[in-house]
Structure formats: structure tokens, C-alpha cells
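A.B. asks: If you scroll down you'll find the structure; I have some questions about it.
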Amino acid sequence: MPTLRLPPLPNIREILKMYHLRAMKQLSQNFILNENLTDKIIKKAGILSDCHVIEVGPGPGGLTRSIIKREPKKLIVIEKDKRFKPSLEMLTDAFAAVNGKMEIIFDDVMTFHMENVLPSTETKTWTDKCPRIKIIGNLPFNVSTPLIIKWLRAISEKTGPWKFGRTRMTLTFQKEVAERLIAEPLDTQRCRLSVMAQAWTQPILHFIIPGTAFLPKPDVDVGLVTLVPLTVPRTKHEFAIFEKVTRHIFSFRQKYSIRGIETLFPLEYRTELGQMMYKLADLDPQRRPMTLTVEDIDSLVSAYKYLLEKYPNLKFYEYRTSRHIVSLSQTKNIEVIECTN
Ligand code: SAM
């Protein structure tokens, strides 16, 4: 694939030295210095020419350079640490010299509204092919799991960058997290994250990057994953309720899955309503959490919703946090009974 020639620039190691940039642990800073590796990562993001690319956490700009070489229509980088301003500005100038557009935003990716920096002209319908928008990042470990959960919710609601259609993401995760994202039923790594990711996207693990490729070297290896939002999600339910049921199922990983499901209900109704859920979903209550498919969990959520409709007071029950049992009585006077649970 042909790549753009940039004006001569110091390499990332030289930049770190020039600007006295030491990695900050609290921002999960682990830099990639090897340009062959950053090129290889960016290649997995697919065609970038004609695309608006958002890079999360550019740091000194190693991956950023490899993105620029692939000539995106516009590159927007979101970085929390302002110490990287001079090195990122150097890249902005180098890209501008060949008529490229790069915008630097200093903000927190957890709260930043990406949709505000993307043009509505790139909007595609959900069932169309993916829009010419890509999210790329060597993510900071400390935010990668909450961030992907937040983004999966946004995908389910078609908000944020998913307002524009099925925006693809190519991101790094701690190796174990990457393996969880792609874990199929019966895989020992199967967990809540696998089910949530696979309900709304197709996650693809490209390769593992050894920790030695980063400076400083993290204690773990890293996996590069692309998540492609599904045209038709594998669940018809809203994110919040699907997440709640999935979380309960995996709260007792080694037990029969009904153990976690029972905790959706107040103690005195647990056995009865738990069994009822499995009957309604037409599933064996002795199935272990890691054997359940997304579709099995979808059926359990349908069953749970049915019970919520039948016994509306159940929605007030929260396992552990709740100090109350709410009566299943559907009379107008809601009876709340103190409980030791
Ligand atoms: N992209 C660079 C590379 O590959 O060498 C740096 C990657 S480093 C693992 C993660 C980067 O994310 C750091 O530059 C860090 O400052 C930035 N970062 C950490 N938390 C962030 C947040 N909440 N919002 C935006 N950037 C963040």
C-alpha cells in the first residue's frame, strides 16, 4: 500500500529526549517507538484515505505518524496530557506541508463528545457499509475497559460516533482483555465483556504485541482488536437490562448459571422465579455461564422482562445494594419488607 512521504522529522525516541517526556504511570503511558510496528498496527485499521480518523491518546505521536502516512482526509487526536503539545504540533505542521489536516484536542476521552468534531456529511444508514470514520488508539490500560463498555452502550443507542453509522474501531487492549473480547462460549476467558462486545459488534483479534515493544515495558502483553458494529445486533434488548442480566449470570462464574440469575430476585422468590426464567427461556438451569451464547442470554433477558411486567415491583430490587425486599404484590400499596439479605 503506497504511503505518504513526510518532511524529515526526529524519531519518537529523539522527541522524548528533546522535550524531556517521561512516561506517567497514572496516565498509563507506554509508548511504541518502532515505526514498523506502528505501520503494521495502522494497516489493520483498513483504508484510511478519504476517512476522518480519530486517534485516542496519541502521546508523542508514534501511531499518529503511521496514520498520517496513510493520508486520512482529516486526523483528530484526543490527548489528556498537554506535555505532548510540541511534538503533536510538529506532526500537524508536517502533515499541513503536504496539504493534510490534523486537529489536536486536549481533553479526556471518557467525557469528550466525538460526534461534535465529525461532519454530518459522512453519515451512513446503519445497514449501509461502514462510514468513512475510524477510531484508532493504543489505549491507556486504565481506561480501556470502562471506555469500551461506554462505547458499546453508544453503539447500542447509535449515539456519539455511531450516530454516523457503524464506525469501526481498531484499538489495543491488555492481552487478557483482548482475549476476553473475542472469547466464544466454552472458552475459559468467556465473561461479561465477551457477551457485551459480541452482542453489538464483531471483535477481531489481529495479533499480540509483546510488552517489550513498549517504553516503559508494561507487565503485560497487548492485543490489537478491531470492533465492527453489527448491522443487526444479536440482542433486541436495551443495553442496560442486557448488561444487568449478563452481569448477574457471570457473578458466579463456576456455578450453574441459575445461581447468578436468582440474584435478580429477592431471597424469598429466588428459587421459584429463577426456575421460571429458565422455563420461559427454554434453557437448562444447569448450564454454566461460560457455555451460554449471546442468543441464550437474549432469551433470558426476554424472560426477565416478562417477569418485570408481571411483577412491576421487582424492578426496585437490587442485589447486595438493596436492604429491602419489595413485595411481588401488584396492589397499589407497595409493601416494603426489611430484610437482612
Ligand atoms: N499513542 C502513543 C503510542 O502508541 O506510543 C501513546 C499510547 S499510551 C499507551 C496512552 C496515551 O493515552 C497516553 O498518551 C496518555 O497520556 C493518553 N491518555 C491517558 N488517559 C487518557 C484519557 N482519559 N483521555 C485521553 N488520553 C488519555
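Every residue gets a Cβ built from N, Cα and C, even glycine.
Quick caveat, the model's predicted, so the values are computed rather than measured.
Heads up, here are the entries from TrEMBL:
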- ASN30, ILE32, GLY57, GLU79, ASP108, ASN138: S-adenosyl-L-methionine binding site (BINDING)
- 37-231: domain 'Ribosomal RNA adenine methylase transferase N-terminal' (DOMAIN)
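Map the listed features onto the structure and describe their local environment.
C.D. replies: Counting only residues at least six positions away in the same chain, the Cβ atoms of LYS80 sit under 8 Å from the Cβ of ASP108 (S-adenosyl-L-methionine binding site).
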A.B. asks: What's the longest C-alpha separation between any two of ASN30, ILE32, GLY57, GLU79, ASP108, ASN138, the listed S-adenosyl-L-methionine-binding residues, in angstrom?
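C.D. replies: Farthest-apart Cα atoms in ASN30, ILE32, GLY57, GLU79, ASP108, ASN138 are separated by 21 Å.
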A.B. asks: Could you list the residues of the same chain, at least six apart in sequence, whose Cβ is under 8 A from the Cβ of GLY57 (S-adenosyl-L-methionine binding site)?
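C.D. replies: For GLY57 (S-adenosyl-L-methionine binding site), the qualifying residues are ILE78, GLU79, LYS80, VAL109, GLY137, ASN138, LEU139, PRO140.
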A.B. asks: What mean pLDDT does the predicted model reach across the domain 'Ribosomal RNA adenine methylase transferase N-terminal' (37-231)?
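C.D. replies: In the predicted model, the domain 'Ribosomal RNA adenine methylase transferase N-terminal' (37-231) has a mean pLDDT of 97.
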A.B. asks: At a 10 Å cut-off from the C-beta of GLU79 (S-adenosyl-L-methionine binding site), count the other C-beta atoms across all protein chains.
C.D. replies: 24
A.B. asks: List, in sequence order, the same-chain residues at least six positions removed whose CB sits under 8 Å from that of ASN30 (S-adenosyl-L-methionine binding site)?
C.D. replies: ALA23, ASN138, PHE141, PHE214, LEU215, PRO216, LYS217, PRO218
A.B. asks: Taking the Cβ of ILE32 (S-adenosyl-L-methionine binding site) as reference, which residues of that chain separated by at least 6 in sequence fall under 8 Å from it?
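C.D. replies: In sequence order, ILE12, THR38, ILE41, GLY62, LEU63, ASN138, ILE209, ALA213, PHE214, LEU215 meet the Cβ cut-off.
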